[in-house]
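Peer 1: The following feature annotations were taken from Swiss-Prot:
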- CYS38, HIS63, GLU64: Zn(2+) 1 binding site (BINDING)
- THR40: active site, charge relay system (ACT_SITE)
- HIS43: active site, charge relay system (ACT_SITE)
- CYS93, CYS96, CYS99, CYS107: Zn(2+) 2 binding site (BINDING)
- ILE175, ASP195, ARG200, LEU262, GLY263, ILE264, ILE286, TYR287: NAD(+) binding site (BINDING)
Amino acid sequence: MKALAKLERGPGLTLTRVKRPEVGHNDVLIKIRRTAICGTDIHIWKWDDWAQKTIPVPMHVGHEYVGEIVEMGQEVRGFAIGDRVSGEGHITCGFCRNCRAGRRHLCRNTVGVGVNREGAFAEYLAIPAFNAFKIPPEISDDLASIFDPFGNATHTALSFNLVGEDVLITGAGPIGIMAVAIAKHVGARNVVITDINDYRLELARKMGATRAVNVARESLRDVMSDLHMTEGFDVGLEMSGVPSAFTSMLEAMNHGGKVALLGIPPAQTAIDWNQVIFKGLEIKGIYGREMFETWYKMVAMLQSGLDLSPIITHRFAADDYEKGFAAMLSGESGKVILDWTA
């Protein structure tokens, strides 16, 4: 089958031919329709330090997808040939304390599709049936293919009550932008997002941001004053991994505020702990998606009017993957979709 793989230890990916995956007793085989390019895939493309330490070579990658079940293992129940599915990209052990307690997103033995094992940038993907998730017919293939990052945004944004609250989001990547739409959809009052990328800040405005702030030109404090915010933000969603963004967030939080961290800052990042301790801030680390509560919430929000369509800005045939990665690398894109049926 055709697949997009890391064949050698260096930058780039190669469209190649690989063996179609075998299907275990508890697996489903998915014929891929669409995939989306993730920031993780950009790290793999660039072959940065993280990728060099993490990605086995050779291996085909990718973990954001939608497709159709074409084969099932003999032990699989609850699915049928022809079901349209996306799937949870974190494969968990099922035996550790968190898995057995129903907290699979906290599994200490997680294996990542397209990171630690063969991925979805291919004509077929085999995964455990437990990880597959049926997509309702009213949700398009394009939207279904971005359920993985949409789930990151949902898990982060819904970690705390947002109804009537003022929300600060630092980092206008696709996940941060989707978090804007989620926060407004569930009833936040002011949703302010910061970045230095004007293209993506404009996308955030289209997704409903109260203010999209280029912090290279505009003061967050001035924006807060314009919005008549006298006490600071109630909820912070840190999506960038940029130390200065996290610092500014802590300074802008109200006493008793709550912060969810999805962005990954450098290991030795220092912060002013006085901002945390004396403000009584609650800080929560976010990884992946809750299995499968996050997935059900994603579907429910889309079915109740959440519009994520502006975040998908580019579409290419899978054979034109280099154009897709170029769009992502330019910084002037939202989500980029690759069509494996074209």
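Including glycine, each Cβ sits where the backbone N, Cα and C put it.
Quick one: where do these features end up spatially?
Peer 2: Non-local neighbourhood of HIS63 (Zn(2+) 1 binding site): CYS38, THR40, GLY89, GLY112, VAL113, GLY114, VAL115, GLY119, ALA120, ASP148, each in the same chain, at least six residues away, with C-beta under 8 Å from its C-beta.
Within 10 Å of the Cβ of THR40 (active site, charge relay system) there are 22 other Cβ atoms, across all protein chains.
On its own chain, HIS43 (active site, charge relay system) has TRP50, ALA51 as residues at least 6 apart in sequence with a Cβ closer than 8 Å to its own Cβ.
Spatially close to CYS99 (Zn(2+) 2 binding site) yet at least six residues away along the chain are THR92, CYS93, CYS107, judged by Cβ distances under 8 angstroms.
Taking the Cβ of TYR287 (NAD(+) binding site) as reference, residues of its chain lying under 8 Å away and at least six apart in sequence are, in sequence order, HIS105, LEU106. According to DSSP, TYR287 (NAD(+) binding site) sits in a coil region rather than a helix or strand.
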Peer 1: Over all shown protein chains, what is the count of other CB atoms within 10 A of the CB belonging to LEU262 (NAD(+) binding site)?
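Peer 2: For LEU262 (NAD(+) binding site), the count of other Cβ atoms within 10 Å is 25.
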Peer 1: Could you tell me the C-alpha distance between ILE264 (NAD(+) binding site) and GLU64 (Zn(2+) 1 binding site) in angstrom, no decimals?
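Peer 2: About 20 Å separate the Cα atoms of these two residues.
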Peer 1: Under DSSP, is GLU64 (Zn(2+) 1 binding site) part of a helix or a strand, or is it coil?
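Peer 2: Looking at the DSSP assignment, GLU64 (Zn(2+) 1 binding site) belongs to a strand.
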Peer 1: Taking only the Cα atoms, work out how far ILE175 (NAD(+) binding site) lies from GLU64 (Zn(2+) 1 binding site), in Å, as a whole number.
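Peer 2: So the alpha carbons of ILE175 (NAD(+) binding site) and GLU64 (Zn(2+) 1 binding site) sit roughly 13 Å from each other.
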Peer 1: Please report the distance from the Cα of ARG200 (NAD(+) binding site) to the Cα of GLU64 (Zn(2+) 1 binding site), rounded to the nearest angstrom.
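Peer 2: About 21 Å separates the two Cα atoms.
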Peer 1: For the recorded Zn(2+) 1 site, whose residues are CYS38, HIS63, GLU64, find every other residue on that chain with a C-beta no more than 8 angstroms from the centre of their C-beta atoms, and list them by sequence position.
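Peer 2: Surrounding the site, in chain order, are THR35, ALA36, ILE37, THR40, ASP41, GLY62, TYR65, GLY89, GLY114, GLY119, ALA120, ASP148, PRO149.
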Peer 1: Whole-number Å only: compute the distance from the Cα of CYS96 (Zn(2+) 2 binding site) to the Cα of ASP195 (NAD(+) binding site).
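Peer 2: With the alpha carbons as reference points, the distance is 39 Å.
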